[in-house]
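Colleague: Per TrEMBL, transmembrane segment is recorded for 14-40, 52-73, 79-102, 216-234, 240-259, 407-425, 445-465, 477-499, 505-526. According to TrEMBL, the region 'Disordered' annotation covers 168-192. Annotated compositional bias 'Basic and acidic residues' per TrEMBL: 175-185, in sequence order.
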Amino acid sequence: MTAPSESPSIWNRVVIAILVTETAERMAYFGFRAILVLYFHNGLGLSESLSVSLFGGVSCGAYFSPLVGALLADSSWGRYHTILTFSTLYTIGLCFLTLGAYQVSSVGRSRNQEDPNTNPEHVEATDNLLYEKVATFLGLFLVCLGTGGIKPCVSAFGADQIALGESNERRKRNDTHSDHRKNSDDFEESMEQEQHVEELQLQSAQEDISRFFNSFYFCINLGALSSFAIIPIIRSNFGFGAAFLVPTIFMSTALLVFLSQRRQYKHRIHNLSQPPLSRVLRHCVSLLWSRRGYRQVPISARKENGRRGEESQDGIMTSIDLVIHEDAQQVLHLMPVMLLFPVFWMLYDQQGSVWTLQATRLNLHGLQPEQLQFLNPLQIMIFIPLFDQIVYPLMDHCGFDIKPLRRMEYGMGFAVLSFLTSALLEHFIQTRPTNSVSLGWQIPQITILTVSEIFLNITGLEFAYSQAPGNMQALILALYLFMTAIGDGLAAFLFATFFSHLSTAVTMIICAICMTANTLLFRFVARRWKPYQDHRVILEEVDEGLQLGIVNPKDMS
């Protein structure tokens, strides 16, 4: 039997450039975001409540706008041009934001010269800051549009470099051995051997893509960790202008690194036979409202109709209708899984709010309440290679199912455990003297939630990419990110209404119960999940079988 050829390393200059681009972009995003509330309140002189509200609006905008970038990438622009265009807007937005912040700093310094007792970073609400506010909010609009526009495209484009490269290798190998198979005396045995090799190569390709997404998520957290460490120090020593200038430099660097490999990138060729994305989305809506579907058609009939380009008298779809219908059905097939993610994000993002407030009631040992957030990206960077090289292989060896849906289910279970731990800590805080419980007791709940994030979020990115139709991968990744916005909105609503009348411990227990119910529902959906198989691949395989004489057309009816 022919052994599969050794796959080339995925760590080539193109993939590394994309990972460096993502690291620099995340440094820019988390860098400006880390000081944004302080800038609104102290820099622009806005009220505390308005500052928090505007900060929430910026976060929501950053997770809504991925839909815009994904639609443009999958329908007309392609991923490369979408990333390039929105990265440029992103950089311009940060320039406006930095310019506005430097103008604010100049106003503060002028007032400090008149009265040395005033804080040069703090601006009164009575100060005339119209120009500064226009520059700031124009910049933030472009930043939200830019960061959201590239968010679903960079990960998909990076995975494309691996998937398309290995696909080309398989195609070359198949072309090389095609004549050999036709002339072989033992034709059927040769085909079985080649099919086995193909399966091994596909498995290897999937493992490479999985490694890429692990590395991609590592880079996200490396960027977050770096910005949390650097930007607050720069702000405290040099002011808001210098603090916003650093993310601007990071984003400019990301854009230059991305452009450096522009001649080496592999691009998905837009197939003119594929329907416009708008038609697929309209068909999704049509299927939801009418709850009707075309009847299943034998492959032979599909191919025959596809060649004629006509619709038969009994209503069988033409090839273009088949593509639209199956892509729309796959999008709808993904939604039950997608819609079970917002509850997780509702819990996860409480690290920066509820758990930070919980830390104010702990013995901080000289630290600030928000500084323990540093622990999450640090643990992510440590745990990702640990899970990839040790935990997952060990789980597989012990008989645990480590397929994507099962891993996400494990992640939801750990989220439940994390919030039960948080509720227990809150109970101890309420029954002990004020600030007598050590901050170190918050580490277990943060660590458990970090494990939950690795099981669910990294796997979720990989799952969304691999299960989406080829021409809709950026859109599906955007919908995956959009679930975060829904979760944050759900948390904001509940904490402003129902949870506002409850103690923190009771709230944590209710969150754990909600996550438990969500996990059980996810388990129910996952057990009925059928992996996506692109119909275009099936038809190509049938074509090859017909040409080689190993598929009987009568068997396809």
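Each residue, glycine too, has its Cβ placed from N, Cα and C.
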Colleague: When you check the transmembrane segment (52-73) against the transmembrane segment (216-234), do you get at least 3 Cβ pairs under 8 Å, counting only pairs 6 or more apart in sequence?
Modeller: no
Colleague: Before we move on, state whether the transmembrane segment (505-526) and the transmembrane segment (407-425) share at least 3 Cβ pairs under 8 Å, counting only pairs 6 or more apart in sequence.
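Modeller: These two segments touch.
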Colleague: What residues in the same chain, six or more past the boundaries of the transmembrane segment (445-465), come closer than 8 Å to it by Cβ-Cβ distance?
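Modeller: Same-chain contacts beyond the flanks: 155-156, 159, 209-210, 213-214, 216-217, 334, 337-338, 341, 344, 347-348, 351, 355, 372, 375-376, 379-380, 383-384, 387, 404-405, 407-408, 410-415, 417-419, 421-422, 425, 473, 476-477, 479-480.
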Colleague: Are there at least 3 C-beta pairs under 8 angstroms linking the transmembrane segment (240-259) and the transmembrane segment (14-40), leaving out pairs fewer than 6 apart in sequence?
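Modeller: Since 3 or more Cβ pairs under 8 Å link them, the transmembrane segment (14-40) and the transmembrane segment (240-259) do come into contact.
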